[in-house]
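Below you'll find the structure, written out as structure tokens, and then a few comments.
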Amino acid sequence: MKQNYYIFNNGRLKRQENTIFFEKEDGSKAVIPIENTEALYAFGEIDFNTKLFNYLAQKGIPVHVFNYYGYYSGSYYPREYLNSGQLLVKQVNHYTSRQKRIVLARAFIEAASFNILKNLRYYGNRGKGVDEYISTIEGFRSQIEKTEVVEELMGIEGNIRNTYYKAWPTIIDQEIAFERRVKQPPDNMINALISYLNSMVYTTCLGEIYHTQLNPLISYLHEPGERRFSLSLDMAEVFKPIFSDRTIFTILNRHQITEKDFMTDVNCCYLNEKGRKTVVKEYDEKLKTIISHKKLERQVSYRYLIRLECYKLVKHLIGEQGYEGFKIWW
């Protein structure tokens, strides 16, 4: 199984013949096993050159870049190698058709909200008082099938998320002030973790889309726009409750992450290097987790679940099988 390679130090990423290595500021070098690399994550101040990017493009390896605060800046996305003009036409047609688009948008929110409820019920079964939030979210979910406009659907999704976040202080076993989602910039520990891990889920989804014939610029729930791969945002909605939220609950309730792992600036809170490494390690371990797929009847990794979700979307677009978003069963 190929793996993600995370670079936290400052330095230079270079190609020498058919080898990629990272040279730290002190001159020491580390070889990157390129044939076994799924994607590169650059968290430090790193120099690149076109010779390197040309080689990474040949190997189909994306590079995801994060800024000083640890937040996602952008991706180097290699030229697509599985292009399909026929699928592209169908993908666009499902966006331009209001009726076809709303079907897919509903499916994304239906699955995402199901996975949110699964998280709440997990903690409810362990004595956490979340019944009120579950009931409220179920009420919002009942409106999904009746919604005919994507903008209204996004409003329902926002209401579900806001209710879900209100339950977090009950779930998390640390005294952290968290009342609402604040993004730009995050203002406390939990908002910082959400922003950081949601970016990780987004880039993971982008990486899996790359290995299919789907175009990441054409989406159905989120409006396609400039400077973003909006289909990754659609896919991420389904998997954030599993990959992002569950990781947050785990590392906070185990006290793997505390206030010592954060830095604060004017109305801004972000992870320090130690905190980032802890979060990335936990997230990466989750991606590698192997489960028995109940439909395929074989072992797959958490990360591969996203690839399977892309294949399901392709089948929907070509009219082979209706799309139903991934719903956690364990």
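Using N, Cα and C of the backbone, Cβ positions are placed for all residues, glycine too.
Site annotation (TrEMBL): Mn(2+) is bound by Glu157, His222, and the candidate from Glu138, Glu175, Glu208, Glu237 recorded at this site is Glu237. It is Glu237 that, of the binding-site residues Glu157, Glu237, has its Cβ surrounded by the most other Cβ atoms within 10 Å. Neighbouring residues of the recorded Mn(2+) site, listed in sequence order and excluding Glu157, His222, Glu237, comprise Ala105, Phe108, Ile109, Ala112, Met154, Leu221, Leu233, Asp234 (Cβ within 8 Å of the Cβ centroid). Under DSSP, His222 (Mn(2+) binding site) is assigned to coil, being neither helix nor strand in the three-state scheme. Note on His222 (Mn(2+) binding site): other Cβ atoms within 10 Å of its Cβ, all shown chains, come to 19.
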